Amino acid sequence: MTGPSLSLSKKLTHLKRVIETTTTTEQCKSLLEHCAKTKSLRTTKGVHAHTITLGLLQSHVLSLLTAAYALCGHTSYARKVFDELPERTLLSYRSMIRMYTQKGFPNIALKLFGKMLRSDKHKPDRHTFPYVIRACSDLFLLQQGVAIHGLTVISGYMWDTFVGNSLLSMYMSCGDKEGARRVFDAMQARTVVTWNTMISGYCKNDSPKEALMIYRRMEDAGVDADCATVLSLLPVCGCLKDFEMGREVHSLIEQVGFWDSLSVRNAVVDMYVKCGRMNEARLVFEKMIDRDVVTWTTMIHGFISDSDIKSALWFSKRMQLEGVKPNAATLASLLAACASLPHLRLGKCLHGWAIRQDLQADVSVETGLIDMYAKCNCFRLGYQVFAKTSKKRTVPWNAILSGCLHNELAREAIELFKFMLSEAVKPNDATLKSVLPAFAIEADFRQALSIHSYLVRSGFVTRTEVATGLVDIYSKCGNLDNGHKIFNGIPKKERDIILWSTLIAGYGMHGHGETSLSLFNEMVQSGVKPNEVTFTSVLHACGHAGLVDDGLCLFNFMLRNHSGSLRTDHYTCMVDLLGRAGRLEEAYELIKTMTFEPSHAIWGALLGACVIHENVELGELAARWLFKLGPENTGNYILLGKIYSAVGRWKDAENVRLLMNEVGLVKTPAQSVIG
């Protein structure tokens with residue numbers, strides 16, 4: 001028998017003798033207090049048995065028994081004794097609330113707290129409030145948390161550091177950064193836990209800059225960082241991609257001596273990976289004596305993010321050679337690598353490995369497999385994986401819908417979306433991002449009205465991204481009025497460049513060039529900066545509406561103010577615009593001013609215009625460039641032959657046909673020769 005156990009046995013024996021010779025319960029209380037401190041369930045049960053035998057189950061003893069069982073974590077015994085209490089004490093309530101909160105039953109803890117308040121016999125103290133506040137935090141009950149905050153102020157415990165730290169954590173967990181900041185600013189004494197709670201809270205609430213500011217204030221206050229500080233701070237550096245700050249924290253870790261912690265070393269590697277510094281991450285990795293699956297997975301994911309698939313795969317092999325078993329996160333990262341390559345054979349090998357390791361039911365693995373098969377153009381196998389899922393989680397649905405879109409299966413995506421709704425699975429933003437383009441591709445007005453109705457009922461329609469998708473759907477259906485109404489329903493401050501561009505493109509697509517131009521001008525005046533897609537849409541609209549001067553004016557505006565946004569598409573639109581108007585020489589002069597090599601599309605636009613206006617000289621020049629850039633394209637030969645035929649140069653037209661035969665080209669059946 002070990003020392004402590006022997007000591008407790010002696011105490012029990014001594015207690016029995018004392019109890020047998022006296023009628024006092026003081027020794028019993030002392031031993032129960034010891035049981036509570038040591039959290040010894042066996043000893044607590046022994047004392048419980050002796051008290052029953054000797055008839056010492058008085059109210060105070062029962063209260064101590066409740067606390068002892070609660071601290072031992074035995075919920076059923078603690079609850080049984082608690083329910084038998086003739087009069088419940090503050091100690092018994094506090095112990096039960098603490099136990100239920102720590103055991104993951106915050107709702108029961110809050111119910112007990114409510115009973116305690118309603119009894120009007122006991123007031124919560126500095127040891128009770130933190131666990132009640134934590135219960136609110138676990139359940140994300142902000143309003144209840146605010147009410148309990150008020151109670152701490154009334155009770156005079158607001159200034160207790162332990163209570164204050166609990167309030168900080170609760171507000172941050174519920175996403176109320178302002179509430180947390182008010183508590184923080186009001187605190188008279190702050191410990192390192194206080195500062196750590198604020199740093200990690202800001203990081204978790206997507207406010208890394210504020211987290212960094214709090215850390216700087218912590219330094220100025222002379223508070224020394226601990227292990228929890230650096231574990232909260234390193235993700236902040238990674239999120240901000242602040243390499244210099246990350247290196248500063250790394251130096252602090254080595255100076256203070258936190259390097260012995262594997263979780264800290266993993267966090268350093270992760271920070272360098274998120275900062276895009278794979279060389280630094282690898283240096284830290286190679287210096288590590290012991291590594292776990294998290295270390296390896298972080299490196300593999302980093303290589304994949306850095307588009308270094310070869311290194312990612314090599315590391316996965318090296319990991320297994322060193323005896324580290326990959327987990328679901330590792331497998332999900334490797335499947336993402338296969339999807340990006342795409343590499344179907346390796347993806348199938350990983351699928352087999354997942355089955356052997358019994359990881360195929362993990363949601364991240366399921367999603368990775370569905371996505372991998374879709375990106376490898378093997379949708380059928382991806383659907384087989386999806387068919388085996390529980391059908392109750394949103395993420396696999398999003399993956400299969402995205403897979404449909406990747407494989408140009410718009411109708412199937414819409415049917416799957418309807419099936420998803422019938423299964424009572426709630427869509428999220430990612431779901432709509434995957435499925436709305438399918439409705440646009442189908443361009444079915446009845447379907448458009450149906451999805452619009454659903455989005456209104458579900459409340460999604462107020463989101464700018466969703467509204468953009470609807471505008472695109474109605475535009476593709478040719479119903480510009482409905483699209484414009486949705487656009488007008490979005491507050492001006494929330495209209496981003498994508499929404500504007502979608503509406504402008506919709507009008508341009510249907511030949512309403514003047515409206516597209518008017519919307520473009522309105523957008524610029526509202527302070528939204530156009531991007532290359534917007535410019536392409538407006539120039540395309542001008543071309544289809546024959547607005548040559550307006551198109552030239554816009555292009556010159558781009559040259560003056562947005563020259564960095566100029567792309568091949570913009571020059572193609574301008575050559576097409578000038579060419580359609582018969583201003584072929586201007587189109588050719590524009591091509592000569594280009595700062596980068598003209599593409600096949602630009603010369604093709606010029607050749608097409610030459611066919612329309614029967615310009616042999618420029619047509620020949622454009623054709624020579626096209627033959628050089630794409631000698632296998634039969635359409636270019638046919639267009640040149642058509643120019644020769646139009647001006648009566650039959651011999652040259654015949655020579656073009658013979659040239660096609662010489663290079664082994666045959667006109668593709670049903671290929672149009674219309675410029």
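Every residue, even glycine, has its Cβ placed from backbone N, Cα and C.
Those TrEMBL annotations? Automatic predictions, nothing curated.
Note that the structure is predicted; figures quoted are calculated from it, not measured.
Database features, via TrEMBL:
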type: REPEAT; residues: 89-124; note: repeat 'PPR'
type: REPEAT; residues: 191-225; note: repeat 'PPR'
type: REPEAT; residues: 261-291; note: repeat 'PPR'
type: REPEAT; residues: 292-326; note: repeat 'PPR'
type: REPEAT; residues: 393-427; note: repeat 'PPR'
type: REPEAT; residues: 496-530; note: repeat 'PPR'
type: REPEAT; residues: 531-561; note: repeat 'PPR'
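The average pLDDT for the repeat 'PPR' (191-225) in the predicted structure is 95. Using a Cβ-Cβ cut-off under 8 Å and counting only residues 6 or more beyond its ends in the same chain, the repeat 'PPR' (191-225) has close neighbours at 161, 164-165, 168-169, 171-173, 175, 177, 180, 184, 232-233, 235-236, 239-240, 242, 245, 252, 256. Helix, strand and coil content of the repeat 'PPR' (393-427), in residues and according to DSSP, is 26 helix, 0 strand, 9 coil. Look at the repeat 'PPR' (292-326): DSSP puts its residues at 26 helix, 0 strand, 9 coil.
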